[in-house]
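As structure tokens, the structure follows; a few thoughts come after it.
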Amino acid sequence: MMKFSSLLVLFFIFLIALAQLRVGFYSRSCPQAETIVRNLVRQRFGVDPTVTAALLRMHFHDCFVRGCDASLLIDSTNSEKTAGPNGSVREFDLIDRIKAQLEAACPSTVSCADIITLATRDSVALAGGPSYSIPMGRRDGLVSNNVDVALPGPTISVAGAVSLFTNKGMNVFDAVALLGAHTVGQGNCGLFNDRITNFRGTGRPDPSMDPALVSRLVTMAGRYALLRQTRGVVARYANNNAFFKRQFVRAMIKMGAVDVLTGRAGEIRRNCRRFS
């Protein structure tokens with residue numbers, strides 16, 4: 001009963017947070033905001049298509065620590081940026097370029113938190129993912145400490161990962177959708193399992209494959225095949241791409257509303273790397 005009550009509280013907190021955000025938030029205060037973000041992300045994607053993976057990682061790492069408040073962007077000796085899990089986060093310069101153009105067009109109006117969210121959304125579409133509208137109105141946080149960073153590592157169990165998402169007001173469908181898209185381009189074991197275990201019905205691996213690679217894939221596929229908590233969800237996504245895209249959009253919108261600051265809370269930074 002206690003666990004159910006906690007989940008119910010988290011659900012209502014999420015609904016309240018989402019209600020405080022809205023699509024078209026900058027339509028009057030900075031009508032060109034989304035166009036500016038989209039154009040700069042498109043330019044960067046033209047140079048380096050892996051920007052999509054980088055921004056997805058940035059968005060995830062920001063939202064799961066103190067909420068979506070751009071606290072990850074702060075430069076200091078003990079900020080979130082200095083924590084081990086964030087050592088591989090990149091594209092801070094892109095956020096800086098977007099912020100500079102937005103400040104020139106609409107000073108002290110568009111938050112760094114909303115910039116991360118919009119840039120990530122636009123990069124997903126450029127990579128062939130779904131296009132979607134997402135509510136805006138986040139404000140930037142006033143705290144960034146590396147000791148607060150507690151993110152799921154590569155060795156976390158499925159149960160542990162799902163629990164982490166549940167604690168943020170999300171569910172197993174959200175967890176699988178977001179973690180599956182976290183590393184763009186990673187294949188599903190089911191797509192090649194026959195080549196490593198039963199090539200053309202022989203009961204043996206494909207002889208054209210590197211034996212060392214086969215051994216690694218067998219180990220990986222075997223390990224992930226035991227993760228029964230999410231196996232059904234993974235199968236549904238693998239068999240229905242349209243369903244995956246719908247769920248991915250829902251998950252991104254939900255993640256973008258995690259513990260957001262709105263109204264008079266927080267601030268609107270003029271420089272995303274420093275508190276104002």
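Every residue, even glycine, has its Cβ placed from backbone N, Cα and C.
Please treat TrEMBL annotations as automatic predictions, because they have not gone through curation.
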Problem - Candidate cysteine (Cys68, Cys106, Cys112) that TrEMBL pairs with Cys30 in a disulfide - result: Cys106
Exercise for the section: Please work out, from what TrEMBL records, which of Cys189, Cys272 forms the disulfide with Cys112. Expected result: Cys272
Exercise for the section: Starting from Cys63 (disulfide bond), work out which of the recorded positions listed here (Cys30, Asp69, Pro152) have their Cα within 10 Å, and give them in sequence order. Expected result: Asp69
Exercise for the section: Let me know the most crowded of the recorded positions, choosing from Cys30, Val65, Cys68, Cys106 and counting other Cβ atoms within 10 Å. Expected result: Cys68
Exercise for the section: Quick one: of Cys30, Cys106, Cys112, which disulfide-bonded residues lie within 10 angstroms of Ser71 (Ca(2+) 1 binding site), measuring between C-alpha atoms? Sequence order, please. Expected result: Cys112
Exercise for the section: Could you work out which of the disulfide-bonded residues (Cys63, Cys112, Cys272) has its C-beta surrounded by the smallest number of other C-beta atoms within 10 A? Expected result: Cys272
